[in-house]
2 protein chains.
Amino acid sequence: MLELGSGMAQGDDDDVPLILTWDEDANSGLLSDGALERVDENGTGDCDGVGDASVPKPVPVHSRAQISNRQSWEINYQEAAIYLQEGENNDKFFTHPRNPQALNAYLFAHNHLFYLMELLTGVLLMMLSLSEAPAVPSLRLDVYVHATLELLALVMVAFELCMKLRWLGFHTFIRHKRTMVKTSVLLIQFIEAIVILVRQTSHLRVTRALRPIFLVDCRYCGAVRRNLRQIFQSLPPFIDILLLLFFFMVIFAILGFCLFSPNSNDPYFNTLENSIVSLFVLLTTANFPDVMMPAYSRNRWSCVFFIIYLSIELYFIMNLLLAVVFDTFNGVEKMKFKSLLLHKRSAIDHAFHLLVTRQRPDGISLKQFDGLMRFYKPRMCARDRFLTYKALNQSDTPALCLEDFYKFYEVIGLTWKARQSREHWFDDFSHTMFLIFKGIYILVKSKAFQYAMYVVVAVNGIWILVETNMLNGGLRSGTVARSYIVFLTIYGVEMLLKITGLGPMAYFSSGWNLFDFLVTVIAFLGLIATAFNMEPFYFIVILRLLQLLRLFKIKQRFRNVLDTMFELFPRMASLGLTLIIFYYSFAIVGMEFFADVIYPNCCNTSTVADAYRQVNITIGNDTVLQDGYYYLNNFNNILSSFVTLFELTVVNNWYITMEGVTSQTSHWSRLYFMTFYIVTMVVMTIIVAFILDAFVFRMNYSRKNRETLDNSEDEKGIVFEAEVACAEIRQTLELYKQILPGTNLSSLQGLCVAIEQTADSVVFLGRRARTKSDLSMKMYEEEIQEWYEEFSRISFSQSEQTLQD
Amino acid sequence: MLELGSGMAQGDDDDVPLILTWDEDANSGLLSDGALERVDENGTGDCDGVGDASVPKPVPVHSRAQISNRQSWEINYQEAAIYLQEGENNDKFFTHPRNPQALNAYLFAHNHLFYLMELLTGVLLMMLSLSEAPAVPSLRLDVYVHATLELLALVMVAFELCMKLRWLGFHTFIRHKRTMVKTSVLLIQFIEAIVILVRQTSHLRVTRALRPIFLVDCRYCGAVRRNLRQIFQSLPPFIDILLLLFFFMVIFAILGFCLFSPNSNDPYFNTLENSIVSLFVLLTTANFPDVMMPAYSRNRWSCVFFIIYLSIELYFIMNLLLAVVFDTFNGVEKMKFKSLLLHKRSAIDHAFHLLVTRQRPDGISLKQFDGLMRFYKPRMCARDRFLTYKALNQSDTPALCLEDFYKFYEVIGLTWKARQSREHWFDDFSHTMFLIFKGIYILVKSKAFQYAMYVVVAVNGIWILVETNMLNGGLRSGTVARSYIVFLTIYGVEMLLKITGLGPMAYFSSGWNLFDFLVTVIAFLGLIATAFNMEPFYFIVILRLLQLLRLFKIKQRFRNVLDTMFELFPRMASLGLTLIIFYYSFAIVGMEFFADVIYPNCCNTSTVADAYRQVNITIGNDTVLQDGYYYLNNFNNILSSFVTLFELTVVNNWYITMEGVTSQTSHWSRLYFMTFYIVTMVVMTIIVAFILDAFVFRMNYSRKNRETLDNSEDEKGIVFEAEVACAEIRQTLELYKQILPGTNLSSLQGLCVAIEQTADSVVFLGRRARTKSDLSMKMYEEEIQEWYEEFSRISFSQSEQTLQD
């Protein structure tokens with residue numbers, strides 16, 4: 001977001017910054033860099049694996065020997081903004097730019113355009129596998145076309161890496177593990193792309209499985225990186241339990257082989273390898289009870305073997321896995337939150353000391369804050385900058401002390417709105433109108449109205465169910481049931497009543513109302529389309545069903561569940577993306593080895609031949625196609641591979657795909673499927689642990705919150721207040737005119753006029769949605785204080801030490 | 001355990017009990033019954049559902065107007081022992097016996113003989129279903145035989161109930177829900193048994209499904225009752241989420257019906273009912289990907305429908321279920337622990353005030369404690385009674401104060417042993433022998449020896465694996481590989497070395513060593529049996545594999561896992577028993593409705609006909625039996641039913657059994673299978689939540705413990721110390737001789753002689769295994785103090801109130 005040249009400051013000649021970064025004593029202040037690096041060591045931040053080495057201290061961005069006071073303020077603003085951004089993005093401070101060239105590269109590499117380029121390059125590289133052989137038929141491209149495209153994308157990646165090298169410096173660059181991995185993968189891919197262009201044909205390219213690295217490394221995929229890190233952190237205990245699992249599996253396999261191999265009807269235990277594979281598949285329950293049946297039919301007591309095996313492996317050790325991952329996950333989440341919090345705090349420390357003046361070293365004035373914000377959020381209007389300052393300044397002193405400034409990240413994302421002094425939106429209307437609207441308002445707010453609507457929705461649901469059940473078999477597309485029009489009309493009337501009663505602003509501020517509105521309006525549009533015979537049939541079916549979702553507003557628990565679902569959505573999406581990245585790598589490997597080995601009637605020699613059979617059977621006079629369909633689960637292109645891998649993730653009947661492929665290739669193919677199973681098991685266990693953790697956390701939170709706060713506040717999200725007096729605005733306006741003559745101050749002027757018309761002062765409310773971080777802040781309230789104290793103790797002792805040195 | 005007539009006391013004439021229960025002021029003391037009942041209200045104890053009603057105050061057990069001081073002490077001892085037993089068993093105090101007849105009935109109904117009778121009656125009633133039609137073939141009994149047996153068992157139950165009625169009194173009896181349910185079930189069963197005897201044929205007896213009630217109600221099944229209560233407590237939130245699940249299922253079923261029913265090749269969505277059933281089965285993943293295939297083969301994008309459905313239902317809401325149950329479970333566990341703890345505390349309060357004398361109202365002397373113990377644990381020897389008293393008496397005053405007495409339940413289960421002053425068991429041997437043994441000791445204790453053994457075990461494991469792999473196909477029973485004899489010899493030598501080095505006592509005190517010893521000795525016995533051609537072949541295979549388990553001693557985490565497994569075993573067993581009780585009820589219902597409907601080639605009209613087919617196919621000249629085997633999963637007798645239900649629990653392919661039965665009966669049968677699925681899902685989720693909770697708890701515990709205590713102490717279990725001087729013993733001996741002339745004091749006398757020979761005083765160590773309750777005590781350390789304070793505050797205010805009344 002940082003952009004250069006957003007208005008140079010003027011009138012900064014009076015104040016002198018406390019820290020001029022080239023001063024020798026700048027590093028020996030309260031804020032010693034040593035202390036900050038100490039925190040980074042615990043960090044689970046972006047650039048881990050480098051933090052513990054001896055980190056070079058940040059050196060001044062500019063060599064500022066001959067620049068004026070005003071210019072040095074501008075530089076300080078910019079550097080403070082960079083620090084705050086690093087705090088927000090969890091970038092470690094040792095990647096802080098250290099000279100003007102580095103600063104330029106840093107600024108070039110840190111804006112949304114560049115990020116977008118990174119993202120698009122990554123996506124393009126991954127999308128290429130749609131067109132490379134074996135390609136999706138409709139997207140097939142010639143070899144030279146896709147190889148050229150790949151080369152182009154790789155050049156882009158190389159360019160991005162060059163910018164990074166310029167910004168980080170060679171020394172830091174080669175010690176940044178992730179970047180080095182990326183560089184080497186880039187080199188390999190580059191060579192391979194050239195080889196393909198030269199030979200004009202694709203060779204076995206398993207290295208394509210590494211392509212997701214380019215996507216994962218881009219700025220917008222930070223959440224995916226964090227997930228991957230969390231997965232790797234959970235691995236060591238996971239592997240221990242996995243060993244336990246395999247140990248018992250082998251023991252039971254030997255036992256099973258000894259017990260059941262004399263039975264010639266039992267294909268599952270006739271060799272030791274089959275025995276192990278059978279028990280591996282049994283662990284996923286996919287071949288149960290078939291695997292037991294031959295033994296069971298010979299001796300009924302043989303079921304004891306399988307019951308004991310499943311009890312130990314499936315019901316005990318697999319749950320143990322979940323317990324271990326859940327436990328690790330819990331700890332990791334807390335540590336991550338702690339290190340992020342302390343990192344942000346130290347970023348604020350850094351920024352604060354760059355913004356205070358020599359004259360007043362314990363507070364930031366509005367002028368300096370405004371200067372910072374012009375770099376940190378150039379698009380923010382003057383009014384919001386001022387209001388943010390007011391919201392931060394809780395002690396009501398003329399300057400912002402450090403304690404106030406620590407709230408920076410909580411306040412920065414707020415959207416500001418003047419508090420409505422009116423109770424209803426129609427208070428200004430004439431008396432008759434007021435009474436009418438008031439009546440509607442009371443009606444809409446009444447419990448009876450709400451429950452009547454629930455009844456309507458419930459009746460609608462039952463109606464749909466009955467109706468669908470009635471038209472068994474014959475579905476006539478195009479005709480819309482009259483009942484639907486009736487229900488839709490009711491919903492429409494309800495919507496209009498609510499909008500008129502509550503007022504458009506209040507109505508649309510609720511997510512549920514917005515949902516109702518959209519579904520109803522789209523349904524009406526669909527109805528109109530039907531009238532013109534445009535047949536958006538399935539569309540209407542889905543909309544009708546969506547309307548039923550409203551029923552879940554009835555119960556507090558459902559609302560909680562759905563709210564939590566929405567809160568968790570970003571995190572869930574990033575977990576899904578992580579899974580897709582694993583899928584991608586496995587899909588590439590699968591395509592390289594198993595493309596086109598599966599086709600109808602391919603596996604007649606295997607034990608799962610039936611599932612792949614496609615034959616015409618003549619029964620009487622009819623010829624019926626008997627179809628096992630499993631040949632559709634193949635690795636013939638990347639989309640099919642993804643579907644096949646999803647089926648393998650769901651686990652049921654996955655051994656049919658495995659055995660089919662194995663019968664067409666070698667029995668080493670099983671390794672691929674088993675590895676995939678274990679990898680998805682890890683990821684899925686993490687997902688389960690995450691959902692468990694999030695919900696248990698959320699439930700604990702709402703239990704804790706119920707004790708201290710009323711629930712109404714809870715539902716509004718995060719709210720900050722700022723009271724603004726007319727005189728204050730005028731003063732600020734003057735100040736702005738003085739320091740930023742040419743800029744657009746209309747937002748502030750408009751505010752000034754508005755206040756003068758109505759009252760002396762106006763209270764503004766800044767709102768934003770609640771994030772997981774806010775929840776954590778509340779949950780760990782007490783511990784946070786301890787962390788802060790510990791942190792400042794370390795900082796203090798470090799600075800003491802620095803002074804003594 | 002309480003037994004009458006364990007020696008009447010003498011010499012009690014000097015002290016007068018503080019509380020003579022017939023005194024009017026006895027109820028107005030510090031220990032008001034009102035306060036105690038208050039605690040019971042929160043209780044999740046055994047007799048819940050009655051506690052909140054106005055409870056009649058306990059009245060004196062005996063009418064003690066004309067009895068001597070000594071006799072009144074005996075009565076006090078007995079009543080205190082009853083209170084302590086009630087505290088231990090979590091029986092509520094309102095079931096306290098209130099008159100001599102009740103006391104007699106109470107004592108009759110509270111000993112192991114009676115409990116065993118209860119248990120046997122319950123088991124017998126359940127076992128009857130093995131012999132009732134449809135019976136297990138080899139156990140079939142004539143109708144009049146099993147009906148007579150049943151009647152006999154029911155008479156026993158009736159007798160037990162009569163005893164309970166006598167002890168509780170009619171008023172309490174009819175307000176005790178569990179007992180009332182039991183009585184009404186008993187009546188129904190009684191009538192039915194008589195009807196069967198009269199008609200000489202069994203009728204449709206679904207009420208047999210209620211038989212587990214008799215088992216659950218018996219004293220030894222308290223853990224099962226607690227599990228059931230926990231399951232019912234977790235139900236409300238569970239049902240909420242289940243509704244959410246079904247709501248989405250119905251929505252998707254309607255959508256799926258609309259989307260896929262035009263495809264005539266798709267049998268899964270051709271009617272709305274099929275659609276719902278298919279999606280229900282899909283929720284268990286049992287029909288995936290088959291259910292998707294017809295639609296997928298027509299349009300590749302239809303997989304999106306299934307992916308979204310599975311993501312929402314299986315991966316999100318099902319995990320939500322686990323989260324909700326886990327959260328509830330967590331809270332319930334803590335509440336249960338709290339109420340148990342406070343119940344025990346108030347039991348101790350009760351007992352304490354019955355044991356102190358008027359002369360010294362704040363302490364229990366040894367004489368009184370001994371009197372109590374003679375009733376509480378009649379089998380305990382005099383030495384242990386004395387040592388227990390010493391262990392409790394931590395303040396070293398002549399009498400036991402209340403604070404000391406609160407530790408009663410922690411100390412009572414200890415087994416006492418004199419601390420070994422010798423470092424090694426061979427210290428007394430001659431010098432040469434000592435050196436030899438010392439050498440062995442050092443060898444056995446060395447890391448090198450341990451790791452060498454691990455290597456041997458690992459080699460043994462690999463050897464077995466390779467060997468088993470080599471003899472692919474041909475398994476020659478009776479011949480034992482020479483390698484086995486070699487390894488067994490190594491194990492034997494190791495065992496002998498360890499026994500000689502550590503001494504037999506130290507060796508056998510470790511569970512792992514005991515395990516080694518047993519496995520090795522049994523293996524030798526097996527080997528000898530083989531030499532005599534007795535062919536215990538599988539037996540030896542299992543033993544060989546068991547020896548590999550030792551490898552898990554290497555890593556701390558494995559040890560932790562296995563230790564936790566052993567600690568959890570009783571609880572797991574009770575959960576397993578709970579599951580079996582559900583199985584039993586479902587098996588009875590299944591047998592009544594579905595017995596003999598499944599047989600080979602039974603379901604040729606259904607979609608799962610293949611699985612039930614048993615045909616001879618001629619390929620070339622050979623006739624091969626093609627067998628679907630699923631006809632083996634039937635409800636023909638109770639054992640088959642159990643196996644079938646286990647298969648349904650594992651879920652995979654459960655729809656084959658469901659569809660098979662459905663095709664032979666009506667489609668209402670699906671209700672049975674779906675209900676069973678939901679019930680096992682509840683139980684299984686609880687089991688998973690339990691394992692999760694237990695392990696997370698245990699890991700937190702060991703993390704917490706590592707901070708405060710060293711680990712070595714942790715592994716020993718619970719240890720108490722008591723130092724005993726020679727003079728003290730002599731004094732005690734005199735006391736005992738005085739108050740209990742005729743009894744056996746050999747244990748104390750022996751101790752006295754032993755101490756005189758060696759030293760002035762001996763330290764005794766009392767040990768017991770650590771239980772979940774000990775872990776909880778440590779985990780909730782701080783909260784426990786709060787609970788106690790709250791509890792005593794309530795008691796105090798209650799007693800204040802009583803005084804004012």
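Placed from the backbone N, Cα and C atoms, the Cβ positions cover glycine too.
The model shown is predicted, which means the values in this text are computed figures rather than measured ones.
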Candidate ranges B:207-226, B:267-286, B:427-446, B:747-766 [criterion: TrEMBL lists as transmembrane segment]: B:267-286
Segment-segment contact (the transmembrane segment (B:306-329); the transmembrane segment (B:113-131)) at 3 or more Cβ pairs under 8 Å: no
PLDDT averaged over every residue in the domain 'Ion transport' (B:120-334): 88
Range from B:113-131, B:238-260, B:267-286, B:481-499 with the greatest count of C-beta pairs under 8 A to the transmembrane segment (B:572-591): B:113-131
Top Cβ-contact partner of the transmembrane segment (B:481-499) among B:113-131, B:143-163, B:238-260, B:448-466 (pairs under 8 Å): B:448-466
Spatial neighbours of the transmembrane segment (B:113-131) far in sequence, C-beta under 8 Å, 6+ residues away: 139-141, 145-146, 149-150, 153-154, 156-157, 160, 163, 208, 211-212, 214-221, 584, 587-588, 591, 637-639
Folded-back contacts onto the transmembrane segment (B:238-260), same chain, C-beta under 8 angstroms, at least six residues removed: 266, 268-269, 271-272, 275-276, 278-280, 283, 294-295, 302, 305, 309, 312-313, 317-318, 320-321, 324-325, 328, 678, 682, 685
